[in-house]
Structure formats: structure tokens, C-alpha cells
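What Swiss-Prot records for Gly111, Thr112, Asn113, Gly114, Lys115, Thr116, Thr117 is ATP binding site. Positions annotated as meso-2,6-diaminopimelate binding site by Swiss-Prot, on the basis of sequence analysis: Arg378, Asp402, Asn403, Pro404, Arg405, Gly455, Glu459. Summarising the annotation, Swiss-Prot assigns N6-carboxylysine to Lys220. The feature motif 'Meso-diaminopimelate recognition motif' is assigned by Swiss-Prot to 402-405.
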Amino acid sequence: MKLEKIIKGITVNEIIGDASQEISGINMDSRLIEPGHIFVAVKGTQTDGHTYIQKAIEKGARTVVCENLPETLIENVTYIKVNDTEDVVGKLATTFYGDPTSKLELVGVTGTNGKTTIATLLYNMFRKFGYKTGLISTVCNYIDEEAIPTDHTTPDPITLNKLLGRMADEGCKYAFMEVSSHSVAQKRIGGLKFAGGIFTNLTRDHLDYHKTVENYLKAKKAFFDGLPKTAFALTNLDDKNGLVMTQNTKAKVHTYSLRSLSDFKGKVLEDGFEGMLLDINNVEVNVQFIGRFNASNLLAVYGAACLLGKKTEEVLLALSTLRPVAGRFDSLRSPKGYTAIVDYAHTPDALENVLNAIHEVLNGKGHVITVVGAGGNRDKGKRPLMAQEAVKQSDKVIITSDNPRFEEPQEIINDMLAGLTKEDMRKVISIADRKEAIRTACMLAQAKDVILVAGKGHENYQEIKGIKHHFDDKEVLRDIFANE
């Protein structure tokens, strides 16, 4: 594709060089540059791409998009100066990869909790309907049946457009995508056209990056502010920020709720470890999910499917056949008669939701043992809150490590313990070794008890000092059960 066509949709301050040349690729990472590529110099949170311009040229970059021109300009290299490279990179990638979202029905899911479940269930549902479908999520990306491993909730804009381009080329009609607050703030979704957006909820998370809850809210809201008139905005009325999210959107607003009058109204009629009986818009449906938070997620899935033109009867039938997402309220039964639940809950609110769900089903007939940690080099303010929530709703709590990254595990544990009283501490054991913590919980559990292993969910690693060591909560539990 010619450079002049790729840059047509962006505001350019200055062009130095030949804009008619053929471009073979686009990248923000100088290490991935190949001959004939565009290098976009983006100022990131860790490094400034402008310092790698020379390296990119040495690797064969024919064009450099930058905010500041380098002191020395190289002959036969085209320089394009713009105000904000972070803002234009998504638009450049969208054009280069053939505007993939004009050929797909793309739905974005944003919120603190529930994104993975909702996006994945919509992907599974639309495949059941017989459509080729794409998924972009924390757990894994999919182009119909093909799995593509992922590192981020939302990939960088170039990877994202390349992925969406492949989905469109391979005949996908729908794509469902988690939209993180980071991706909105860093303009990773720039240039994409959404058919719809879903808001789940907003609670404390990622304050290491956003600094304040208000900034976090603004990042989520910006997604809805950017939706076109042709899109739908489906929001959760049970969250106090539900209507705030959609107050400035051009999209058509629809609502879902378990408590209030709404377009998609739900009610939990029965709840057990095998599933729930729900009432959705006055029709009963059995589902294989547990807990009110999952009832809310399923309402969002139901609403989105209906807004995408599916008939209510086929949506309800599909809902009844869907299974929980990996690492989200994943339950395993021990030979000793207790239940272990592995869940990704890594915020105080998510922990509260999962523990509430456990108590609703247990109904006082067993004890709750919670194994929980907090991530290193992340929002320190939520650490004591996580411990407090665990203690409030558990009979025994084992504080342990969870991706300590570049911090010492014991220091993170100490931060969590700092939020507890002497009375609370009677319930608490701290064991830095996560495997030992899970083993101890299993030794303490009796028949009918429930162990919650929180924080990692689908993750199969422990990140320590920059290295990801293999670690899987479910594997550990299965090994323990095999020897009981």
C-alpha cells in the first residue's frame, strides 16, 4: 500500500521525503521493523520510541512517524511529523490493514469485573448460532477455532488491527473484545468502529496507572463517548456509574438490571453449586453458572445478543447450554467432600462478589476458607482492602503471594495484614509459598466446606523478578486431590 494512502486519514504537520513509496508493514517496536516498514515513534509509559528512530532505520524502516524530528535526517527516509503519535498509530494501522471493523460487527466490553466472561460467552454463543466469530480477551484471542495466546487485555493498536484484519479475511461476521481502561487511555482502540459497547461495573482497580478513581472512570466513559450513532450502548443499572457511562454517548442506550426496571430485567429464582434458575424478562431459564454477579453477566450477554438481532428464544436456549469461562468460578470437588473454587477475583469488589455467591449457595451448611494474595508493582491501596474483604466473609483466611513481580512477597503480605485488627488476625495465616498455602487450605477443609483460591484464575504462571514460572491453581488442587 502506498504511504500517501495510509496517512490520508490523519492530520500531518510536515512531510519530509517521498510519500508515494510502497509500504510493507507498520510497527511501534524497532526490534520488529523489517525493510519497507513504517516506524511510529510513540512515547510510552516506560520508554520513548523517539530514542529508537535510528535503530528502526538501520533495520530498514522507510518511513518514520514522529512528534519531534531527529537532529539528523537520513536520505531516502520519509519523515512525517504529527502532534500525537499515540493518537495516530491506531488510525494508520486501521487503514493499512484494510479497515477491518467496517467488515465486522465488533462489540466492546468494558468495566472492572465481568469483561472476560461476557466477551467469551458472546463468542461461544455466536459460534453456536453458526457464525464465524472472533474473540479478543485476557485469557486468549480466537479467530473462530484458532487460538492465539495473549499478553494484554487489549493488544497494541497494530497487533489489534492485524488480528481484526485476519478475522475479517477469514470470514468472521462478529468479534467480541475486552476493552481495558489502559487501552482507552493509551488510544489503542483508535480507528476502530464498534457496533456496540457493554458496561459491566466500576470498582477500585488499576490506580497504580490511573492514580484516581475519577481518572479510571473517565477512561471507561471515553469508550462510550466515542461510540457512533449506529451502535448500541448497553449499561448496568445496578452499578451507580451505569448511567454516567452513557450520558454523553451518541449510541442508542439500553439497560440491564437485577434490581431495577430496565430493558433487560433479570431475577435469580434458585441458586446452587450446579447452577441457577433465572427469570429474564419474565421467561425462566436454567443456566450452568453460580452467583448474582454471574446472573448480571448473563443478562448483559442476553441483552447484547438481542441487540445484535437474535431472537429471544434462540438466545435463551443458547444461554442454557453455555459453560463458565476458565478461571471464573471454576469449581472442583475433592474426594473428601469439600469444594474448591478457582477464581480470577483480584479486586476487593470481585472478591466480595465471589464470596457472596459462595455464601448464597452454602447457606450456613459449611465453612469458607479463602486463599488470597495481591499483585506486586500494582495498586498498593487495594491490598489491605482485599484482606479485609476476605476476613469479613471467611472462617479462615490464608494470605499468600500472587505475581509478586519485582516486590518481596512478604512485604506485599505485610501490606495486606496492615488492614486487619487483632480480632481479624485470629482467622488469618500467612504463607508466602502459594502451593503450600493451597495445600494448607485443603488440610483444614472438611466435608461441605468451600475453599476459594482467588486472584489467578486462568493464569498458569507466577511472575517473579521478571520471569514467569509455571504455576496453575487448578493443577495444584488436582495434585492434592489425587493424594487424598
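For all residues, glycine too, the Cβ spot is worked out from N, Cα and C.
Taking a C-beta cut-off of under 8 Å and a sequence gap of six or more, Asn403 (meso-2,6-diaminopimelate binding site) has these contacts in its own chain: Gly373, Gly375, Gly376, Lys456, Glu459, Tyr461, Gln462, Glu463, Ile464. Across the range of the motif 'Meso-diaminopimelate recognition motif' (402-405), the DSSP-based residue counts are 0 helix, 1 strand, 3 coil. Averaged across the motif 'Meso-diaminopimelate recognition motif' (402-405), pLDDT for the predicted model comes to 96. Arg378 (meso-2,6-diaminopimelate binding site) sits 15 Å from Thr112 (ATP binding site), taking the CA atoms of both as reference points. Here Gly455 (meso-2,6-diaminopimelate binding site) is positioned 14 angstrom away from Gly114 (ATP binding site), judged by their C-alpha atoms. Rounded to a whole value, the Cα-Cα separation of Gly111 (ATP binding site) and the residue listed as 'N6-carboxylysine' is 7 Å. Those same-chain residues not listed among Arg378, Asp402, Asn403, Pro404, Arg405, Gly455, Glu459 yet with C-beta within 8 angstroms of the centroid of the meso-2,6-diaminopimelate site C-beta atoms are His346, Gly373, Ala374, Gly375, Gly376, Ser401, Lys456, Gln462, Glu463. A sphere of 10 angstroms centred on the C-beta of Thr117 (ATP binding site) encloses 28 other C-beta atoms. Under DSSP, Lys115 (ATP binding site) is assigned to a helix (H, G or I) in the three-state scheme. The Cβ of Asn113 (ATP binding site) has Thr200, Asn201, Thr203, Phe293, Ala345, Thr347, Asp349, Ala350, Asn353 as same-chain neighbours under 8 Å, each 6 or more residues away in sequence. Looking at Arg405 (meso-2,6-diaminopimelate binding site) and Thr112 (ATP binding site), their Cα atoms lie 22 Å from each other.
For Gly455 (meso-2,6-diaminopimelate binding site), applying a Cβ distance below 8 Å and a minimum sequence separation of six or more within one chain yields Tyr344, Ala345, His346, Val372, Gly373, Ala374, Gly375, Asp402. Its own atom aside, the Cβ of Lys220 (N6-carboxylysine) has 25 Cβ atoms within 10 angstroms in the protein chains shown. Distance noted between the C-alpha atoms of Pro404 (meso-2,6-diaminopimelate binding site) and Lys220 (N6-carboxylysine) is 27 Å.
Annotated ATP site Gly111, Thr112, Asn113, Gly114, Lys115, Thr116, Thr117; additional same-chain residues within 8 Å of its Cβ mean position, judged by their own Cβ, are Val109, Ile118, Glu178, Thr200, Asn201, Asn297. In this view, the densest Cβ surroundings among the binding-site residues Thr112, Thr116 belong to Thr116, judged by other Cβ atoms lying within 10 Å.
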